[in-house]
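To start, the structure under review is shown below, and the notes come after it.
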Amino acid sequence: MKTIAAYLVLVFYASTALSESISENLAWNKEFSSESVHGVFVLCKSSSNSCTTNNAARASTAYIPASTFKIPNALIGLETGAIKDERQVFKWDGKPRAMKQWEKDLKLRGAIQVSAVPVFQQIAREVGEIRMQKYLNLFSYGNANIGGGIDKFWLEGQLRISAFNQVKFLESLYLNNLPASKANQLIVKEAIVTEATPEYIVHSKTGYSGVGTESSPGVAWWVGWVEKGTEVYFFAFNMDIDNESKLPSRKSISTKIMASEGIIIGG
């Protein structure tokens, strides 16, 4: 394991609590190799203000966020009134959608859990470009570039974010430190709970830009945090993807690494 102090200035703002130290654990690469995947995993421990990754260079490289952007999109929607509250029902118009689980009325939590793209495209259109740009700037979210269309800039447009920036944003959300109401931050945090056991709770969101090609692969994400006792572990995973069959690797690799670190059960 080697310390990569030079990356601190590159990937974190000085005010970020998780910027005290960054180290590389190259042993994690075996999990990527075993599944023939090229990617990165970042794990940050709140109590020690430290982060570990298998690839510091890739961790500071920005990629399109895809559906991980549903986290800030939901918060911005709540802040602007595009989403009234967590009980608002987003009506299905009866038209066929890309995925069957999207073809029903959904509330906020349900829309996030099934990653309903049409719902969040509707939210983004109601927020509008001016307010969307304002909040991405306030959140220091990636490059904050909404070029490419108000309802698709995070799917196929110009928005980019690194794994390090993802954990920075998630830490701010966890601490209710984003420039948004505490009540709305709590709503979003509850909406992204994906696993709850007696030992730990996982808040997370996946993302997937599409497979791309071998020469220009797409990107698959899994980001979130684990609350375990008094400790909080923030994580961000991304990988190149040129075959949809590899999509499960985003969770399986992350789970194996976190299990090896004694954080969750699995692997």
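Glycine too: its Cβ is placed from the backbone N, Cα and C atoms.
Feature annotation from Swiss-Prot assigns active site, acyl-ester intermediate to Ser67. Residues annotated as substrate binding site in Swiss-Prot, with similarity to another entry given as evidence: Lys205, Thr206, Gly207. Swiss-Prot lists Lys70 with the feature N6-carboxylysine, giving similarity to another entry as the kind of evidence. Annotated signal peptide per Swiss-Prot: 1-19, in sequence order.
Close to Gly207 (substrate binding site) in the fold, though at least 6 residues off in sequence, lie Pro65, Ala66, Ser67, Thr68, Phe69, Val219, Ala220, Trp221, Trp222, Val223, each with a CB less than 8 Å from its CB. Each residue in Ala66, Ser67, Thr68, Lys70, Ser115, Ser204, Tyr208, Trp221, Trp222, Val223 lies on the same chain as Lys205, Thr206, Gly207 and has a C-beta within 8 Å of the C-beta centroid of that substrate site, without being one of the site residues. Counting only residues at least six positions away in the same chain, the Cβ atoms of Ala111, Ile112, Ser115, Phe120, Lys205 sit under 8 Å from the Cβ of Lys70 (N6-carboxylysine).
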